[in-house]
Amino acid sequence: MTMYAKNNTAGKDMLSLLEWNKEELTDIIKLAVAMKTNPAHYSHILSGKILGMIFDKPSTRTRVSFEAGILQLGGQAIVMSSKELQIGRGEPIKDTAHVMSEYIDAIMIRTFSHEKVEELAYHAEIPIINGLTDLHHPCQALADLMTIYEWKDQLEGVKLAYIGDGNNVCHSLLLAGAMVGLDIRLAMPKGYEVDETILATAENLAKESGAKIFVTVDPKHAVADADFIYTDVWTSMGQEEENAKRLADFGEKYQVNAELASVAKPDYHFLHCLPAHREEEVTAEIIDGNHSVIYQQAGNRLHAQKALLAAILEAK
């Protein structure tokens with residue numbers, strides 16, 4: 001009867017997207033669109049469910065969207081930082097995972113080490129959601145796919161150019177795109193490439209889905225005829241000491257500006273996961289212009305994560 005019961009996804013983790021298949025991801029996106037269109041219909045489906053949220057990194061979009069999302073579905077959230085928990089004083093992750101599994105229904109964690117999230121998931125008896133690690137940002141990728149789907153009514157064959165650092169956002173975008181059949185072009189300077197293992201995994205996924213993956217150091221080559229142009233900050237949290245070098249290494253060549261965007265399709269859309277540094281990775285003219293859909297994209301974090309929560313928490 002309900003879309004969220006289509007696949008047996010109850011209890012699944014969301015660590016890197018690789019726990020899910022193409023059909024399951026597509027169902028999440030379609031459910032997210034349905035929830036956005038008719039939120040009242042889903043307002044009680046997670047009644048009685050509790051989401052624990054652990055933050056080791058500052059957050060605006062992840063915290064507010066997850067907390068609002070579980071509330072809008074009838075559940076509740078408990079927000080914590082590692083400093084407030086015994087894990088911050090040396091308690092083993094194993095013990096924390098088992099104990100929290102006795103109290104709540106799922107954990108969303110935003111932290112630095114991806115291995116920490118994997119260890120938490122290994123020991124927990126409840127679903128674990130990666131709210132961001134240094135290696136992956138799967139929930140952002142869900143919102144990205146949703147935004148693309150809303151504009152194109154499809155995912156297969158859509159041309160997406162990512163310009164900038166081969167970081168966690170890029171990793172998840174690459175994996176998601178490879179799973180659903182996007183035409184992905186990556187442009188980044190030497191020394192800032194995506195993780196080799198993740199690229200190899202994406203290339204294998206692309207063989208199954210029909211996705212295309214192209215990597216270059218030439219931004220104009222990547223952006224040529226693109227439907228979407230995506231970028232992210234050149235200096236992420238924890239890399240502040242590298243900022244001067246990074247600004248020099250990326251420079252104007254990798255900035256998304258009017259000149260670069262001119263080779264994309266005339267009706268292209270601009271994406272950015274935020275927060276943004278205007279006049280660094282993107283000009284104000286582009287990010288605040290008519291082609292930009294960054295606020296729709298940010299808003300879709302809410303809807304995509306609501307769909308994810310419904311899928312893993314056995315929605316009523």
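Just so you know, the numbers here start at 1 and follow the chain as drawn.
Glycine too: its Cβ is placed from the backbone N, Cα and C atoms.
Here Swiss-Prot flags S59, T60, R61, T62, Q86, R110, H137, P138, C139, Q140, C273, L274, R301 as carbamoyl phosphate binding site, drawing on sequence analysis. Marked as L-ornithine binding site by Swiss-Prot: N168, D232, S236, M237.
Overlay of Swiss-Prot feature records on the structure.
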residue: S59; record: carbamoyl phosphate binding site; DSSP (3 states): coil
residue: Q86; record: carbamoyl phosphate binding site; DSSP (3 states): helix
residue: C139; record: carbamoyl phosphate binding site; DSSP (3 states): helix
residue: N168; record: L-ornithine binding site; DSSP (3 states): helix
residue: D232; record: L-ornithine binding site; DSSP (3 states): coil
residue: M237; record: L-ornithine binding site; DSSP (3 states): coil
residue: C273; record: carbamoyl phosphate binding site; DSSP (3 states): coil
residue: R301; record: carbamoyl phosphate binding site; DSSP (3 states): helix
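Non-local contacts of Q86 (carbamoyl phosphate binding site) by the CB criterion (under 8 A, 6+ apart in sequence, same chain) comprise D95, T96.
Neighbour density for R61 (carbamoyl phosphate binding site): within 10 A of its CB lie 21 other CB atoms from the protein chains shown. For N168 (L-ornithine binding site) paired with C273 (carbamoyl phosphate binding site), the C-alpha to C-alpha distance reads 11 Å. A gap of 6 Å separates the Cα atoms of C273 (carbamoyl phosphate binding site) and D232 (L-ornithine binding site). Sequence-distant neighbours of S59 (carbamoyl phosphate binding site) (same chain, 6+ apart, CB under 8 A from its CB) are R110, G131, L132. Closest to D232 (L-ornithine binding site) in space, going by CA atoms and restricting to the binding-site residues R61, H137, C139, R301, is H137.
If you measure from the Cα atom of M237 (L-ornithine binding site) to that of R61 (carbamoyl phosphate binding site), you get 15 Å. A Cα-Cα distance of 17 Å separates C139 (carbamoyl phosphate binding site) from S236 (L-ornithine binding site). With respect to S236 (L-ornithine binding site), the closest of these binding-site residues in Cα terms is H137, chosen from R61, H137, R301. Among N168, D232, S236, M237, the residues given in the record as binding L-ornithine, the maximal Cα to Cα distance rounds to 12 Å. It is N168 that, of the binding-site residues N168, S236, has its Cβ surrounded by the most other Cβ atoms within 10 Å.
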